Every structure is written in C-alpha cells, then in structure tokens.
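Feature annotations, courtesy of Swiss-Prot:
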type    : residues                                             : note
BINDING : 83, 104, 105, 112, 177, 212, 227, 305, 315, 316, 317 : substrate binding site
MOD_RES : 210                                                  : 2,3-didehydroalanine (Cys)
C-alpha cells in the first residue's frame, strides 16, 4: 500500500495569478438592523486563485499517505455508528499512541443515530449513559431515570467531531469491509482475527469482474456493524461461515476476564454460531448488550447491535444509552487484549517495521 514515489514528495505549487491581497474582511457579527446588516463587502469579494490540479494533489497526497500509515494499524473499528464512534472516542482519549482506523461503508458516517425512533428528532438515553454525555460536554434535559438530547444529530455530530480531532484516528468512509484476515496460531492450531479486507463500498460485485480488494493488518478488530442494511452484522455472519460447527447458542460465550496475570481465551472460531436477534424489550436489551460486549473470538471484539445477532438478545430501539456504553466497554475489552494479540501476531510473521 506504499504510495507512488511521486506522491511521497511534496511538490511546491507555484501557480499564481498575481492576486490582490486575500486578507478580506469577513465579520460574522453585526449589530446593524433594517437593511444595513453587512458581514463583508460582497462587491469586492473574491476567493484566492487556485489551479484545479492543486485541489487534486491536496486530496490525493493526504489520502495516499493515510493509506500507507494505517495499512498497519493497532486497532480497526468496523462501523462508524454510535457504538463504534463511542469506542473510538474512549480509545482516543486513553491511548493517543495507538493507530486506529475506522472503516465505514456509508458516505455519511453516523449509522442510525441521526434521528430518534420513527424519524423523530429527540434522542433518549437511560441513565447512567448521561455520564458519557457529560464527558463530551453535551447538553440534555434531565427527566429523572433518563435524559433527552434535543436532536440525535447533535449527539452524533458532537461525537464525530471529537473523534476526528484525534490525530491518531482515521475515518475511511465509503469503504466496506469484505472479509477478515485470519491467522492460525502454531501453538494452539486455532484461528484468530488479525485484520480486515477492504474495498470501495460503491463497487458492484455482480457486474464487474476484477474486484481484488486491499487489506489492513491490526492486532484487534472491533466490529460495530449494527443489524440493519446490506452490511448489517457483517462480521458476525462471516464468522459463522468461517466456523460452521454446531453450538448451543443459549450457553453463551466464554467471556475474557483478567482474574490472574493470564487472560482467559474466548471460544475458537470453529465454535461460533449466530444466535439471531430477538424482539424488542428495552429493559432486557440494553443491559444484555453492554454486559455482553467482549472479545467474541481471539482478535475480534463485537459491540453494539451486532452483538444481538451474536448472542440472540433482544433489540432495544429507540433508546441509545447501550450504544454509547457498549462502545466504552468495547474500548476496555480491546485494551485488555491488545498486547497479547500483538505478541501473537509478531510471533507469527514478525514485528511490523515501517
């Protein structure tokens, strides 16, 4: 994924139309009234000149540099909805040293979090999810056992802006995860997840022939691909294809927990089988999603509504507290297994030298 040499250099743009001073006064506040409001002298207004190729280079140079930088990431998050971005926010605050790539199939990130239920504006979060809002500095109405954000888009835009300000996090939107990179551990002979296979989301596999994808290696994948839409619960469905062994889904997975200095391993991929999401029950669903957020198979943490497809738990919409706090718990789960998975990957193919 190394960019072409031409794009690694930094060409100096010498294009110049001998413009007049570009320091034009634009004031976004005016105390004038009755037809005298003026934010700028629009008759004299003019943008600084630019050559079209300058715009192309400004975009492509940075995008190719990001592809090169994040081809080897510490963490890959699949899905930029409320759970995925909440996890990214928590990870970014706690570990600014880690490279974190977020892969989102939609052109517009945010998942189903731009509106509340049935296209209504307000967002409801049951307590104690309000503590996550407090950390972001987001206003809400306190209704006792729950809080209300006046518009779901306010929550999502605030969260997204904070995540994208972290220098160690890159969002690749309009990019789809097509498959998972797997590794077989020579010590246990079991598979684990070690990255993702990506492609442009707009490609049509039915009508185009050459569709080879690209890859991102990482130590832990966090999947938050939801349950609706063409890519809903993608990772969980792919795991079932990789595993195929029958299993009693009511038994639950082995939850990784640090009881001693050694981490308890989750179940192998060969034991994985979808539970299938059940009907709506808010009181059961939100607790189940947060408590169940974990490393489901080695190298893969699943959070948010995708987890309902894994465990066979209930859906809970339209309340969003579990999405935010599932993201927080997912960040915790990722950090608790990160070093172990890194050591395993280095033992398999050696440490990354880039």
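Glycine residues also receive a Cβ, built from the backbone N, Cα and C atoms like all the rest.
Residue 177 (substrate binding site) carries a strand DSSP state (E or B).
In this structure, residue 105 (substrate binding site) belongs to neither helix nor strand by DSSP; it is coil.
DSSP assigns residue 83 (substrate binding site) to a helix.
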